Amino acid sequence: MMEELHSLDPRRQELLEARFTGVGVSKGPLNSESSNQSLCSVGSLSDKEVETPEKKQNDQRNRKRKAEPYDTSQGKGTPRGHKISDYFERRAEQPLYGLDGSAAKEASEEQSALPTLMSVMLAKPRLDTEQLAPRGAGLCFTFVSAQQNSPSSTGSGNTEHSCSSQKQISIQHRQTQSDLTIEKISALENSKNSDLEKKEGRIDDLLRANCDLRRQIDEQQKMLEKYKERLNRCVTMSKKLLIEKSKQEKMACRDKSMQDRLRLGHFTTVRHGASFTEQWTDGYAFQNLIKQQERINSQREEIERQRKMLAKRKPPAMGQAPPATNEQKQRKSKTNGAENETLTLAEYHEQEEIFKLRLGHLKKEEAEIQAELERLERVRNLHIRELKRIHNEDNSQFKDHPTLNDRYLLLHLLGRGGFSEVYKAFDLTEQRYVAVKIHQLNKNWRDEKKENYHKHACREYRIHKELDHPRIVKLYDYFSLDTDSFCTVLEYCEGNDLDFYLKQHKLMSEKEARSIIMQIVNALKYLNEIKPPIIHYDLKPGNILLVNGTACGEIKITDFGLSKIMDDDSYNSVDGMELTSQGAGTYWYLPPECFVVGKEPPKISNKVDVWSVGVIFYQCLYGRKPFGHNQSQQDILQENTILKATEVQFPPKPVVTPEAKAFIRRCLAYRKEDRIDVQQLACDPYLLPHIRKSVSTSSPAGAAIASTSGASNNSSSN
């Protein structure tokens, strides 16, 4: 409908307004038929056209109507032309009730047509402001006056009904009116248009920004793909170079091992009855040293024999006359031409001095050979260890540099235990060297035993994963390979463990040993400060790693497989916790309470680790274990060696300070009630050099303690 109104020409709009206002148009002849048709086309909302005064048929009136007074051919307009009131008059003449269905329907359609038409005309935004504003203000009143001025063609009975119709039309028309003026509407339109332009501009900007961002995302995505491809190439090249380097190192190790087999020795298989055993055969280096020792021994024996003969030819002392028998013997020897005649005193001393010098030289040479022999023994230990490592590596299923978990490239075998292998590996993700411990279960085990071992390893992983201390080896990762094997990824340390160092060097200085003990105690203090606290239970030189392979560097503690968690359910601050794994561990480093057999399991606490610290410190200082040094674990268990270790004995050499001996005694107290715990161990004066010096120099109590400890040390050493 709005499109039809907009399509009218100005002349027809003026004619339409004249019909609403009742004012004639003097600008030319008016075609009433066309104007009525246009009005009906605009005002009709239903499919049935509204009846006009020309078309309506009055069934009630049978009289003839006058001819149309308005003649379009004459070109003049008369006041008897059809007005808008005629449409309302038709509506007023039809009663609201008592009509048939078609009449009621036509009345309802005519009633709804006019307000709709008026609302459409008022809402038309493009009408001229000067023409529409004054006319639109009086539309309502024009309808009422037009109805009053029109001649009534009905009786007085229809007057009230027509008035009610006029009121209804007037009310409906007022309800469709608005308080907004054309100026306000135009202002709102302008503001809306400006807002719309701003929004459209903002939308355009956002679209351009979105396009730019999409373009940048595409560029970054392409760059990311490019970098990923480059990274993959770098990783592939790194793997290739690492494998080549590992192969070269393996070849070099095997060449060196083959050379050392001739120089240091090798294992040979010897048959004993129905069984075969491996027997060690020394190489030519040891054989040469043994020959030199045999030569030195034979020369020493010869010198001793000559010294005895020289003693027989020793001249008598001054003032003593030789006996007659000696003279007769000398004569006989001279007559016989023998050379063992009596020497003069000067000749005797000269010959004696020569023999002494020769013996001294042989002794020095023997010491050098002994030192060389000890050095070769240390090298032989390395050689034997390398032979075993190469043998285990050649028989391993992981010898061909596999990549485990798509991340860890195995390089070479570090060592092998009962059910595990430790490989040096490279982490391709973090770009660092790691130690991968591969746990392999025996396929012949029962499922229950496999589950128990796996549960034990998971427990170790959970304990170790939460630890974060510079003196404890870090655990990075844990994953399964198959149903019978899984891996743990640990921090890699270049050096060896303390046990290997002691086998190579026997012992170390007190300063170096104290430095190692201080670091161990620092780690134990951390284990007892976390919640819940942890007992390591398996402290020994084999579980203490030397980072750079020397005794004057950093250490790290590893292997938490036997650790005990002191949670609230199992640990009592007075009695400790029950030892559920009695018989496990390394017996040389366990305290006596771990070997007590009774109806109930023994109670342990962190004092177990304190005892282990004392044993390790003693072994570092003296090169031997304080209890059961040359015994096996089975002998220690059968002979109750640790249960009998009520007091520690110190050898006279090497020389150790009284403070170190007192510290060892505090750690190796037989009764656990008399032994210090980890917290007291961390505050021990011996491990704090500045406090120890100040106490020994300024405090009389410290001097008294030092004197008593020195006296006790003297008494024990005596």
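Heads up, residue numbers simply count up from 1 along the chain you see.
Note that Cβ sites are derived from N, Cα and C of the backbone, with glycine treated the same way.
Feature list (source: Swiss-Prot):
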type	residues	note
ACT_SITE	Asp538	active site, proton acceptor
BINDING	Leu414, Gly415, Arg416, Gly417, Gly418, Phe419, Ser420, Glu421, Val422, Lys437	ATP binding site
COMPBIAS	29-44	compositional bias 'Polar residues'
COMPBIAS	46-61	compositional bias 'Basic and acidic residues'
MOD_RES	Ser73	phosphoserine
MOD_RES	Ser102	phosphoserine
MOD_RES	Ser696	phosphoserine
REGION	24-85	region 'Disordered'
REGION	147-176	region 'Disordered'
REGION	193-244	region 'Required for interaction with TLK1 and DYNLL1/LC8'
REGION	310-337	region 'Disordered'
Across all chains shown, how many C-beta atoms besides its own are within 10 angstroms of the C-beta of Ser420 (ATP binding site)?
17
Measuring Cα to Cα, tell me the gap between Val422 (ATP binding site) and the residue listed as 'active site, proton acceptor' in whole angstrom.
19
Taking the Cβ of Arg416 (ATP binding site) as the reference point, list residues of the same chain whose Cβ is under 8 angstroms away and which are at least six residues distant in sequence.
Arg389, Asn392, Ser396, Val422
Residues within 8 Å of the Leu414, Gly415, Arg416, Gly417, Gly418, Phe419, Ser420, Glu421, Val422, Lys437 Cβ centre (excluding the ATP site residues themselves):
Ile438
Mind giving me a neighbour count for the residue listed as 'active site, proton acceptor'? Other Cβ atoms within 10 Å of its Cβ, every protein chain shown.
22
For the region 'Required for interaction with TLK1 and DYNLL1/LC8' (193-244), what does DSSP give as the number of helix, strand and coil residues?
52 helix, 0 strand, 0 coil
What is the interatomic distance between the Cα atoms of Ser420 (ATP binding site) and the residue listed as 'active site, proton acceptor', given in whole Å?
18
Distance [Cα-Cα, Å, rounded] between Asp538 (active site, proton acceptor) and Leu414 (ATP binding site):
21
Of all the Cα pairs drawn from Leu414, Gly415, Arg416, Gly417, Gly418, Phe419, Ser420, Glu421, Val422, Lys437, the residues the record ties to ATP, which distance is largest, in Å?
14
Please list residues from the chain of Leu414 (ATP binding site) whose Cβ is under 8 angstroms from its Cβ, counting only those at least six apart in sequence.
Arg389, Val422, Tyr423, Lys424, Ala435
